[in-house]
Structures are given as structure tokens and as C-alpha cells.
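Taken verbatim from TrEMBL:
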- 12-33: transmembrane segment (TRANSMEM)
- 53-71: transmembrane segment (TRANSMEM)
- 92-109: transmembrane segment (TRANSMEM)
- 129-148: transmembrane segment (TRANSMEM)
- 155-173: transmembrane segment (TRANSMEM)
- 179-196: transmembrane segment (TRANSMEM)
- 203-227: transmembrane segment (TRANSMEM)
Amino acid sequence: MLLGEEQQAPKWQLFAAALAGLAGFLMVARRILPEDALHVDLPTHVAAGDGSEIILAVLPGIFGAAMGWLFHGSLIAIRGGLSRFGTIWQQTLIGTVLFALLASAFPILRFSGHHELQEMLLLGQENGMIALLALAALKILALALCLASGWRGGAVFPLIFAGAAAGGAAVWMLPQIPVTVALVAGIGGALTVGMGKPLAAMLIALLLIGPTAMGPLCTGLLIGWLASQQLPKAELH
């Protein structure tokens, strides 16, 4: 091997290391974190078992993937806009003020989102499909503002909220879609596109929502992966 030449581990070793790391994280998390700290509450669901839910998950998966696309576009646009204001601290200040105004107008956007799913579902029941899509888009805007302003934090939970809201909106178009199927498919689509890493999105989704509606989750992940192939391979967050 030439001096300075880097060796890359085989993919199977990287995959095994990732699984080992995830297993270790789960063991530690279960011991030191509250029981519901890493759990996303979803409505009770009994799988149909006939494969129909995989088909029904397509539309909410598309809606969720669209939120992932919106996240990419918003983050790039907001970063470009803030970069015109000179110093980093000025960009952070302006972005923070804009986020504060947005969160003041819509208090449901203040937190990461995974504990606000029930509130989101209630809002959707009362106000309909457009309200859910608008809420998903606003959550994406809030997330992009925070990241573009230099605030550190993960995009996972906000993407879960936005994906669930977008997926839930599909129920208004096709009422025969079970609510949990729609939420899970939307989450899968949004996570995969937003993170740009399908395997990581799958592992995180399994960690946070468990084996609930596995077929719809895989449908959302697949749709998200297909959508993410059309995005530039840029490091966004």
C-alpha cells in the first residue's frame, strides 16, 4: 500500500458496525431514558394481512416524500438568503427571530414534533386536508430556518412530524386508508428523502415506531428512496 493511501473497510463490516452501534445504543437508551422518550405514539392498528395496505400506503408515501423534497429546497434557499447578511452571528440572529415569529404564530411548531402527533391529528380532524399539508410545510420551514441559522440538532423528529402530517392528509383523499398506515408511510417517505440515507432512515423508523405497519413503512421508504435519487448528493445538515 502506498504511503498516505487510505483503506476503506468492506461494506459488510461497516454495516455490521452500524448494527452493533445501534444495538448498544438501544441497550443504553432503555436503561437510562424514560419509557416513552424514544417512542412515537401512533393510533392502535391491526394489520389487514392481505397486502392491501402496501397499495394504500403509496399516496401517503408520496406526500411524505414531497415534504422531504421541500426540506431540501427550503434549506438551500434559506441558507442562500441568510448568507447575504454577512457575519454568522447576524445570520443566526435573523434566522432565530424568524423562527420565533413562526413558532409564536403556530405554537405546535415550537418543539421537535414527535410528542405533538395527537394534537396534529386532532387539528386535521377539525380542519381537513389543507390544514394538515400546511402544517407539514410549516414544520419543514421551521426546521430549515433553525438548521440554516446555525442551530445544531437533528432533523429526524421534525421530519417525522411533517411526514406524518402529510401522510395523514392523504386520508382525506382516500378515506379507506387506515390512519396509522398513512402516518407510517408518510414518515418513511419524509425521513428517507430528508436524510438522504435509506438504511439509516429505516433503522431510525424501526427504533422510534417499532414494527407497526411494516408493509406501509417499507412502501414509504421505497418511495422516499426513489424520490431521493433525483436530488443532488449534497451535504445539507
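Glycine is no exception: its Cβ is also placed from the backbone N, Cα and C atoms.
Values in this document were obtained by computation on a predicted structure and should not be read as measured data.
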Residues of the parent chain within Cβ reach of the transmembrane segment (129-148), under 8 Å, 6 or more residues beyond its termini: 63, 67, 70-71, 74-75, 78-79, 82, 91, 95, 98-99, 102-103, 106, 108-109, 113, 120, 123, 155, 158-159, 161-163, 165-166, 168-169, 172-173, 236-237
Most Cβ pairs under 8 Å with the transmembrane segment (53-71), selected from 92-109, 155-173, 179-196, 203-227: 179-196
Residue numbers, six or more beyond the limits of the transmembrane segment (203-227), whose CB comes under 8 Å of its CB atoms: 18, 22, 26, 38-40, 42, 45, 47, 51, 53-54, 56-58, 60-62, 64-66, 68-69, 114, 156, 160, 163, 167, 178, 180-182, 184-193, 195
